[in-house]
Every structure is written in C-alpha cells, then in structure tokens.
Amino acid sequence: MSPTHSTTLLHPLDTNDANCSRRTSISSINDEDWRQLLSQFDSQPDIMVLIQLCKEEEDKRRYEENKMKLKEYQVAAEILDGIQTDLLDAKVPFTQNETHIPTLSAYHTEYESSLAPLSEYDYNRYQYAKTLFYMRHFNAVIDVLGQSKHPKLYFLRLYSKYLMGERRKEEFMQDVLGSTESCENPELDSIYQELQENYHNLDAFGLYLLGIVLKRRRETFKAAAVLLESVRKYQYNWSAWMELASLVQNKKMFLDLRTLLNREFESSLVKEFFLAKVCIDLQGQGTIFRDIMDSLDDYFPKSAYILSQWATFYYDAMEYNESLVLFEELRKTHPSRLDDMDVFSNLLYLQNLKDKLCVLALECEKVDKYRPETCCVRGNYCGLKHETVESIEYFKRAIRLNKSYHLAWTLLGHSYIESQDSSTAIECYRRAVEVNNRDYRSWYGLGQAYEVMKYTSDAIYYYQKATDLRPQDGRMWKALASCYSTLKQDKEAENYNRRAEACDRRSNKSEMIQIARIFERRGKMGVAIDFYQEVWQRAVASNSIDEQIADICLLLARYALSIGRLSDAEQYAIPALNMNHPYHEDARTIIDEVRVPNRSTGSTTYSVTSATSRHTASSMQQETSAKIYFVELQNYLSFVLAKEASEGVPTARTAARQKLSRLNNLQFHELATDVYDELMRRNNDSHRSFLPVREDFHPRRNQARQKLATLPSSRFRDLSSDVYHELRRRYPHILLAEQLPPLPQSSSPSVEAQPSQSTNIIPVKGMMSVESVNYYEDNNNSSNTNQPMTDNLDSLMADLGNMVKPSRSEMNQHNSSNSEIDNIRYEYELKMASMTKKIKMLEEGGNNNEYNRQLEDKYNKLLNEHKEQQMAVQEVKNEIRILIDELKSLSEKNESLRAQKEQADITIQSLTEEAKSWKTKYESINMELRNYKVKSMQFDPSKELFLKPTPKGAIGHPYIIEYQTAIDELMQVSRSTKPSDVLVTMRSIVMACKSITTEVEEYEVKTGLSEMDQSSLYEIKKKFSTSLSSLLSAATSFANGMGITPVSLVDAAAITLTTTIVDLVKLLGMRSVTSDLNNNNNNNSNNNHHNSNDTLSPQQLSQFLKKETDHIVASVQNLLSALRTNDKDLFNIITSIINIVSNIVTVSKQTFATDKGNRYGSQGTIILNDLAHCNNKIIKLRDDSFSNIEFANATAKRNLAQESYEIAKYTKELINMLDM
C-alpha cells in the first residue's frame, strides 16, 4: 500500500457510528457527505451548523452572517452562469487549460482522471448548482442542471431530487414522537426508473445512489449487489461502505462477505476498516476485529479513529476498565473530537462516574453544542443526576438533529422507562429498531417495557431477539429466566439461569440463588440447599455479604440446626452477625441455641443440662406444632399462594412480613397458635361466634383471640398468609419430603436451676412495642409477665398493617423459676388443647352430613346452570356462523353487481358519445337543408342571406354549429330556475371558441394573408378575446347574482361575441360540412373503438391527441369539481379518464409500430409507459378509495389530483414530440 493511499484514508474515515448512520439518512446531512459524495471547492462553509443554528434564536445573528457569505457566493455563481455562451470555449476541456482555477475534485485518483472533463459552460453550471445545493435549494439545482448526462452533474441532480423527496417526506411526519404512519419518499420511483434506464452508464456515485434507493425500496439483495459494484469502481467512498454494512445482519452474511472482499480487495485498507466496523456492529467477532485492528495500528499508529474503535470494542465486550483508559487517552490527545463521545458517556453512566461525566458534558458543549453526540452526553449526565425530564429533552434534541440516531432513540426509551411511561418507551425502542435492527439494547428495552406491563410472552420474544444478537451477555439470559419463572416454567427458567451463570464472569450470585429458589419451589429442598451452600461459600470467600446473602445464611443455619449439625449452624450464622436488624438478632438467637450446651462446666453441669433439655423439648414441640400449622395454612391459602406466585407479593404484605420476622420464637409461636385456632373454628366450628375463653391465658390475650372472629375473610386471609410465610422462613426444613431426624433429647430429670449460679444463661425474649388499645380500663394493673404477648395480639387486631414494631425498651428479665413453670404449663396446655380439639372434631363429624348434602345440591344446581349457558353459547355461535355465511353471499352478490354497474357505466358513456355524434350530424344536416325548406320563395336564400361554406374556408362548419348550439343552450339556461347552470354551458362555448381559434391559427400558418387581411384579422382576434372575456364575466355575475343580475347582460355579451365570430367567418370563410363531418366521424370512430384496424399517421395522431387532450381537460375539471363537492358521480368521472388514457396509449402504440411512426418509438414509448403507470395508479386509487366517496380521505384525493395532472402533462409531451 502506497503512502498516498494511506493519507487519503485518514480524512474520510475519521468518523463514528452515529455520523455514519446520519450520513445514510438524507434528511440530516453533515459536511462529511458533501466532502465525499460531491466535488467541492477549497473553502467549504459549515452548512450543518447553519441548518442547526436556524433552530436556535439565541444564535440567529451567527446564522445570518454565514448565510450572507453563501449568498455572496451564490450571486457570483449566478453571474458566472449568465455569461454569454459565445464567449465560452465549448470544445477544449476547460479544466485542462485554466490552471488558475482549482480542479473540480478533492481526490487525485485514477477514478477522477477517468471522468470526462467539463467544458467551461458545464463548469459554470456545476459551480452554480453546487452553491444552490449548499443552500438546500434542491428544486433550483434540478432546474439549473437540466438533463445533463455528465457523471458529476447527473449525480448532483438526482441526489438533489432525492433530498427534495426526503424533505417532503419529513413534512408529512410529526416531530420526534407521534404518528408513525407509513410515509415514503415521493421521488423514489422516478429516481429509480431513471437510474435503471441509465444503469450501464452509471459511475461509482450513481451506483451508490441507486443502492440507497433500492435499500429504501426494501430490495436488500439488489442493493447489496449494486453497492458492491459501486465500491469496486471507487473504493474510497466510505458512505457506500456504510450503506453496505447496514445490510449485514448476521455472522454468516459477514463471513461470506469477508471472503468475497478479501478476494476482490486483497490489499485495500478501506476494506479492512469496513470489516472492523461491521465486527463492532455485530458484537460477536472479537478475534477477527483484533487481527484487523492490529494490522491497521501499524499503518496508523496515531489515528484517533482507530483508538476510538478499540475503546468502543472494549465497551461492547464489557471490559469497562480497558475502555475507560482508552477513552481518557483519546480525550487527552484529541480534546475537540466529538465522535464516539456518546459511547464514552454511556460508559461513565454505567460506572456511576458523575464528576467525569459532568466534565465531559461541559467540554463537548464548548466544542459544539449542536452536535447530536453533545446532546446525548448531556442527556446521560442529567439521567445520572436523576433529572429525567431534562434528560428526555436532550435526547429529543439529538433526535431532531438526526432522526437516524438510533442510540438517542434507545436512551430516550430508557428515560421513559425510568419515568414509568412504558407506552412511549416502546415507541422509542421501535424507532431505534427501524433505524438499526442489530442494536441489542433496543430489543432488550422492548422486553423490559413489556415485562413491566406484565405482557410476559411478548417480553420473551424481544429478549430472545436480544440474546440472538448478544449471546455472550448474561443479562439477556437472566431476563429470559425471570420471564419463564413468572410463567411457572421452572425447567426453562433453570436452563436460562445456568446460561446466565456461564456468561457472567463477574458475579453469578443472583443466578445461583434463582436456581436454588426454583428447586425450593419444586419441593427439592436438598438440591436447593446445595446451591445455597455454593452461594454462601463464594460470598464468604469474596467477603461480599449483603442482605440477600444474610437471609441465605440464616436459612442454612436453621436447616443445619434442625438436622443436628450444630457446628455448621454456627458457622452459617456468623456472617449474618454484622448485618442490621433483623438479621443480627436472628443470627444471635441461632448462635445462642448452639452454644448453650457448651457454656456449663464443673459443678453446674446438672443444672445447665436440665435447662437445655427443657429448652430442646420446647423447641421440638414448637416445631411439631409448626408443621401442623403449615399444612393447614397451605391448604387454606392455596388460591392466595398461586395468585402471589403469578402476580407478585403486594407491598403492604411485604412490610407486614418483615415486621413478623422481629418476633422471637415464643412470641411468634403464640401468634401462630391463635391464628390456627381461629382457622379451625371458621372451618369446623362455624356455629360458634368466637374462640372460647381459656383460663390459662391472660384476659387481654383471650380478648384478642375473640377479636380474630371479627376480622373479614380478606383481612384474616392476609394475616394467615403472613404467618404462613414466616413459618416457611423460620422452619425451611419442613418443606423436605423426607422426615428429618429429631435432635437428641436429654433424659436427665428436670430440676429447677439455682438462680445464684452465674453460668445459668436463659435467652431474653424479644420484646415488642404495643400500640395503645384499651379493651378494659381495669386491666392496667395486670402482671407484667404476660403483658408483651397480650399487648402484641391486641395491637395486631387493631391495625394489621402495623402488626409489629421494634421495641423501644427492654423488659426486666424473668427469674429462672417462674420461666420454668411457665414452660411446663405451656407445654401441658398445648397438649390438652390439641387433644380437646381432636375429640371435638370426632364428635361433631357426624353433624356435617346435612351440610354436605346442601353443598351437593348447590353443586348440582350450578352444574345445570352451566350446561344451560353452554347451550345458549352454542346457539349464539350457530347464529353467528349463519350470519357470516349470509354476509359472504351478500358480498359476492355485491361484487357481481358492482362489475355489472361498471359495465353499464362504460355502455352509458359509449352511448352518450354516440348520441353526441348523431346530434352533431343532425345539426349539420339541418343547416344543409335550410335552403330547401321554403320552395315558394322567388330568390335563393343560400346565396343572398347566408354565408355558404367553401372548400378554401378557414373555419370548419361543425365548429360554427357547435358554437350556435352552445349559444342557444346558454339562452335557455339563463332563463331557467337554476342560474348556476350557466357556468356549465359556458364550458361548451369556451371549447367551441377554442376550436375556432385553433382553426384560424392553422389557417394562418398554411395560407399567407395580405397585409390588409392580416391587420383586419388582428383587430377581429383582439375583439374576439375581449368579447369572450366579457361573456365569461357576465355569465359569472349572473350565476352569482341569485336572480338579481338581469339576463340582458348575458344576451348583450353573447350578441357581441356572435357578431365577432360572424366578422371572422366573413373574413376567412367556412369549410364544407361534408369533409369535416367525415373527419369527425372517423375521429369518433377512433376514439370509441381504439381496436380498429385503421392505424393513424403521426400527423393524424397529433390531431387525435389534441382532441383527446380537450376531453381530458374537461374530465379533469369535472373531477376537481366533484372532489370539492363529494359528488357521487366521482367514480364514473375517474373511469372516463381511465378509458381516455387507455385509448390514447393503444392508438399511439399502433402508430409507433408503423414505418412512419418508428422514429418516435424510443422517446414515445417512455412517455407511454409513464402514462400507463399513472393510469394504473388512478385505477388503484379508484378501487381502493373511491368505490364509496364517503370513505375517501384527503390523501387519496390529493394523490388523485396529482396523477390527473401528470396524465395531462405526459399527453402534452407526447403532442410536442409529434409536432417537432
């Protein structure tokens, strides 16, 4: 590779992905486009800044100054373009002789030298057109360049036409967000057709434009082939490479393209840059990227572009430290470079480096605050400060500057997600996907939005798209696992969590926990414990203990304690000691339970062993009761548990359950016992109003137990669910399918411990704060021993939302003797209560037969109602099916009637034309027979009183008859009850006058008039024009006069016009009726039967087209009037235009097929194809939008009027071609 090539590459390739994306969007062009796509002069103005400054009032002065500079250049170019052509040298290439004028290209390559040189005249036009292009006057560029075929001028004209279409497209689109109604560039079809016809003569930039058009038409395969051909001809057009890169969608396409390019561009550095860029876009070709960039580093060791590509690569690979170092180095060496600073700001946002992001935002704004990258950096900074509204505004500003900026669309969607506006976020993500469907962040954002809206299946679809694009990112798999877990598809959730664990190189703690919880939910507690142990080991090794790990520590400690592994239980509980409430208290309780047996020595062995035995027996009794409570509550809460699993736990319940975790074991066991007793009463003893009073309970506790009966079912169900989950948390081993071995119990006799022994440690019961709810005023003197328990239950009944609050003071410790007595009495009472309940259940079991019979009757009744409803639904379905069949039948009949109506309309139109023809014949013959009606006259009226047609007359007799008929009709209509009909009759008069003036003009060309006759004819024509205008004014005034304007004004104007026509006929004469009548019949025959065997000559075709043009003009006028008034006859008017155009195309093709018309074939065929294309569009519009005028929208009407105008224009071009 020569040094010249490497120098050429440095300038155009120093761009970023956002600029490349902006470059392919013609709606917002930057300076790089003009530098690479167009030949340019040395000092190019900053056009993009001008366009951006137009939108900011504060910098209006700066915009005006730069605009004046362009205006001065435009004036100079206009003067140069207006120089006399005879002073210019059109033969010798201008650029070879004029050395004082710079060459037309910024590149000095073989491709530039291969282009034909410009003449001085073309050079002046080119400079003028370039100036207009920089001013974004695209219409003027097209007019200046005309139909020049030089590659430079040809590309500039079509490219301006393309930009003009993009501007029109944006006019129909709303700003940033809003309606996404499909809107295409209206100029695409015409540009495509012209480029296709001239395909073999296109240069590199013409092929590049054709590739863009094909891509917009969604012909991706053809677009890729054309863009490849473009870079073969000129490989330094980076925009063509970027368009080609946007078509590479997956790894296979990339590898195939890489093989092809390596074969065709063996030693091209541009190819290497392109492949590296595609590697970054696909985000999965790290090895190839490293090989390419290592070789490019040798050529460009100080290239900012290569350094930014390395930084972006490390960012996509989630190697954030390496990326941060490279970006900071880039900022030091190139502080004014804004490319890729949006990626740098994303990195700082992820690393939560607010200070550095603030500095970056300020520096970027100093360089250019109107660059989209700067707005993106500011938006990220505001987002990091949690200023969501400001960040949204900055991202919107970036999109206004470049609507193809897909990163800004994605970040805008993230901001709307943070502001909990999921619908708008989804729209933003969809716009990002439309711009770049290879950006995994947009697909992942769509999945998040739909997951937030609880559309889990849709979220899975978008997450799978993200994993396809970025399979090495564990976050994608984790999101999929979460969705499948929500759907209760545990197998899929487990698989995706394992994939996430394999991808996450930093920390896979959360994935392991999720897998463990899946096994726990499936009842495989042993497997879940293995996963929890692995999580615990990793957390302890890395010294990363948080609340989630602390919860796992307590779960493992309780499990180990339940199976007798006391040392393991202590080891599991120790990491939770350093956490806050309630983990610290629970861990301390577990460690105390483990260490109590080991704290007694020597003479105190008997006393401590006895206390430990009693404590162990009490714990086992509580565990046995907990298992019973757990089973009953699980059956009672089956529906609630299923609902929480699918929809999540409500916030209120989460707070209440956290408060339950603050109770010690004895407090919680009493609460669970009371809830269980109330549940049994509601299920089995519903005839009782409340729980019976127990003498061994404090009165306040009995009162609270009775108040449980007053709770509504929903409130009691919430309380039961809280107790159920706390049981599950405190006793995780009760989920195991196998029976856990009981802990060993001491057989030593229970002896009261001596209070004087210091080693006799009794754990202090956790105390709770109690809300002040006084049930009895005389209970203030109750003993303090049971007060915490009773007050707790009383407060719980008063406010279920605030069941438990941490205590503010500790109660005095009970002495050991009273505690032991309470424990023994509690165990005895528990056994007695359990046996009593079982006896009562057995005794009252026989009384449930009547209740069961009632339930069975109710079930049978509901079953019958269900069957009746099913039958009714089936009947409705059958009726709907019959109605659908009838609707289909009626639809078919409607289509048949519609076809018949169309055929009838065609027949009516044909008959109408035929009637007009016969009417013309009748009136002509009637004029001929006037001379023979009065036989008794002694003189010949045709000779003395009437103007007689002569063979040499100028005006055809049929046109005079047509004028007479129109005037007679005007006289009749002006005296009718509808004055507005005068305007319709005036159309016939104008058409007749137009025919007469056409005859006069043709006669002037064919026959030379004397000077005197020429002067008289000029006066008559002037008078004729004035008289016709006066008649039009009088008719318009009469039509709008609402009966007040006198009809004599119309009569006087008509008389004046008629007198003028008489003078004209006297001067020039009339032609014979017979010859014109025959010609007219022949023309009518051609009009109505275009499939006749007679073929028209080019001259006859010209006359035929002129008459048909009149018909088209009249039909278009009727069409416009019908569009304004929503006339029901609109469909027929459109059909008449279609028939006329079809007739013109058929007759013209027959003429062009003859020897005389063969010379018009090539150009005429192009015009006929345009006519047929417009005709097909009108047919489609008629069938789609105007079959029922009530459903025609404004867009369809506008398109119909535009196509009608195009038909008239192409018909005029066809006539001009034949007259040349």
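Heads up, residue numbers simply count up from 1 along the chain you see.
Glycine too: its Cβ is placed from the backbone N, Cα and C atoms.
Quick look at what TrEMBL annotates:
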REPEAT    406-439  repeat 'TPR'
REPEAT    440-473  repeat 'TPR'
DOMAIN    656-686  domain 'GIT Spa2 homology (SHD)'
DOMAIN    704-734  domain 'GIT Spa2 homology (SHD)'
COILED    852-928  coiled coil
REGION    1077-1097  region 'Disordered'
COMPBIAS  1078-1090  compositional bias 'Low complexity'
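Long-range neighbours of the repeat 'TPR' (440-473) within the same chain, counting only residues 6 or more positions beyond its ends whose Cβ lies under 8 Å from a Cβ of the stretch, are 282-284, 318, 406, 409-410, 413-414, 417, 422, 425-426, 428-430, 432-433, 479-480, 482-484, 486-487, 503, 647. For the repeat 'TPR' (406-439), residue counts in helix, strand and coil come to 27 helix, 0 strand, 7 coil, using DSSP. Residues 525, 555, 558-559, 562-563, 623, 626-627, 629-630, 633-634, 636-637, 640-641, 644, 653, 656-657, 660-661, 665, 668, 671-672, 674-675, 677-679, 681-682, 689-691, 693, 697, 740, 790, 793-794, 796-797, 800, 803 of the same chain lie 6 or more positions beyond the ends of the domain 'GIT Spa2 homology (SHD)' (704-734) yet place their CB under 8 Å from a CB of it. With DSSP classes pooled into helix, strand and coil, the tally for the domain 'GIT Spa2 homology (SHD)' (656-686) is 25 helix, 0 strand, 6 coil. Taking H, G and I as helix, E and B as strand and the rest as coil, DSSP gives the repeat 'TPR' (440-473) the counts 27 helix, 0 strand, 7 coil.
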